[in-house]
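Pulled from TrEMBL, these are the features on record:
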BINDING   Cys25, Cys61, Cys93  [4Fe-4S] cluster 1 binding site
BINDING   Cys170, Cys174, Cys177  [4Fe-4S] cluster 2 binding site
DOMAIN    16-130  domain 'MTTase N-terminal'
DOMAIN    156-388  domain 'Radical SAM core'
DOMAIN    391-452  domain 'TRAM'
Amino acid sequence: MPSPVPPLTPTIEIPRTYRVKSFGCQMNVYDGERMAELLAEQGIAAAPEGEEADLVVLNTCHIRERAAEKVFSDIGRLKRQDGSTPLIAVAGCVAQAEGDEIMKRSPAVKMVVGPQAYHRLPEMIRVAAEGKRITDTDMPAETKFDALPPRGQGGRRSGPTAFLTVQEGCDKFCTYCVVPYTRGAEVSRPHADLIDEAKRLVDAGAREITLLGQNVNAWYGKDAKGRKVGLAGLIRELAEIPDLARIRYTTSHPNDMTEALIVAHGEVAKLMPFLHLPVQAGNDRVLKAMNRSHTAESYLKILDRVRAVRPDIALSGDFIVGFPGETDAEFEDTLRLVDAVGYAQCFSFKYSPRAGTPAATMDDQVAPAVMDERLQRLQAAVNRDQYAFNKATVGRTCEVLVERKGKLPGQWLGKSPWLQSVHFVGEAAVGDVVTVELTEAGANSLSARLLSTVPA
Ligand code: SAH
Ligand code: SF4
Ligand code: F3S
């Protein structure tokens, strides 16, 4: 029997299955979900767990060094045993910042698509199917949101917790950060679109919505009556959606923490008592060199005001250790600030020089060993505070939104209002808001006793 002759120009078929892997912040995860919905609308199905997909979208993050390196090792790992590769698209912030480099370094990558252009993926797939490689890192005037299929389309269900991007981009230009370059300028999505998307998410099963933005509290819009509203107004309106139980928002910037938003923390019951407010450092010279445009004291004053209206609020922050020129004494100021606040949780990072940002070429880059030591000390302090916060909540009665089954029989996992992971045993279902008593604290989670179930 004659063996089949391979075609002269190898063409790739339109993929039948996809997998989207997201590596970045919550907004990156949100983009991943929207891309998945878009691909599903094209008739491409999610690849079943454990099975290879025809199309793999690597939804990347550029914020620190290792994030980008991970993309290249991931591309390598996608090679199959027979030497073939799936159709690979690199999306996200590395795509935006290093699209050309990726195309040069990785022949297996057929598509590079930036965070503001992914609504064009279907067209790109058709081009790639003809065997061509294609890059789209435009930041088009038309917004991707208008071109994406509505949430919950085709009966798609949402989990009990959902993300909703309300604002994108950043105009703050902290000297260490790539986000203003990878995401572009600050843009707020229209009020009506957000109310509509939130309602659709709730109809699809969401009980909690986390409003997302690089500077989420810089969001502004016009309500149905044409009045200008800020994030606090949007939160108040979302709180009117009957089946929505909880509202959260992240990430906020200290300079956009308005009085209205602070007041909302004291008045809107559905707004959870949790505030993630990055400060980055506790020393004013370092903060100025970072172009943070707030001081340690002005930051602490904001927290005082929030605590005045919502005494039980759980506080969270981001920190960078080893910013260029940071001395030992300046780092001690960061530890002092941590001690003063008593965070419920924190994210801390070693400074990572990012090409194209002002800090990358500053003098006095801090030695890696010094950064390691500072990070260890900072993390020991925040772990101590997190444990202390968890212990202080033992004995409280609170609501938990059930997110999934636990490992043990009859066990459920969910989140407290203060974003703690809570596990309990009893009669419940995913999506229930149940009342529990917190009984025992660990460093990262708490056990609880089920008191009553409020049907979902
Ligand atoms: N818009 C948010 C979050 C931006 S990125 C904000 O302003 O807070 C999330 C966190 O990554 C930042 O808060 C910062 O702590 C960290 N980060 C950003 N750039 C970094 C860099 N070059 N090196 C180390 N950490 C960085
Ligand atoms: Fe980056 Fe600063 Fe903008 Fe946050 S506020 S995204 S850290 S530039
Ligand atoms: Fe990363 Fe881009 Fe988010 S760089 S942190 S995925 S905005």
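Glycine is treated like the rest: Cβ placed from N, Cα and C.
Feature map: TrEMBL annotations on the structure.
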| residue | record | DSSP (3 states) |
| --- | --- | --- |
| Cys25 | [4Fe-4S] cluster 1 binding site | coil |
| Cys61 | [4Fe-4S] cluster 1 binding site | coil |
| Cys93 | [4Fe-4S] cluster 1 binding site | helix |
| Cys170 | [4Fe-4S] cluster 2 binding site | coil |
| Cys177 | [4Fe-4S] cluster 2 binding site | coil |
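Among the listed binding-site residues, namely Cys93, Cys174, the Cβ with the most fellow Cβ atoms inside 10 Å is that of Cys93. Taken in sequence order, the binding-site residues Cys61, Cys93, Cys177 that lie near ligand 1, meaning a CB under 6 Å from one of its atoms, are Cys177. A straight line from the CA of Cys93 ([4Fe-4S] cluster 1 binding site) to the CA of Cys170 ([4Fe-4S] cluster 2 binding site) spans 13 Å.
Spatially close to Cys25 ([4Fe-4S] cluster 1 binding site) yet at least six residues away along the chain are Cys61, Ile63, Thr251, judged by Cβ distances under 8 angstroms. Taking the centre of the Cβ atoms of Cys170, Cys174, Cys177 as the [4Fe-4S] cluster 2 site, the nearby residues of that chain (Cβ within 8 Å, site residues left out) are Lys172, Phe173, Tyr176, Val178, Val179, Pro180, Gln214. Among the binding-site residues Cys25, Cys61, Cys93, Cys177, the ones whose Cβ sits under 6 Å from an atom of ligand 2 are, in sequence order, Cys177. Apart from the site residues Cys25, Cys61, Cys93, the chain places the Cβ of Phe23, Gly24, Met27, Asn28, Thr60, His62, Ile63, Ala67, Gly92, Val179, Thr182 no farther than 8 Å from the centroid of the site's Cβ atoms, the recorded [4Fe-4S] cluster 1 location. Secondary structure of the domain 'MTTase N-terminal' (16-130) per DSSP (helix as H, G, I; strand as E, B; remaining residues coil): 55 helix, 24 strand, 36 coil. Within 10 Å of the Cβ of Cys61 ([4Fe-4S] cluster 1 binding site) there are 21 other Cβ atoms, across all protein chains.
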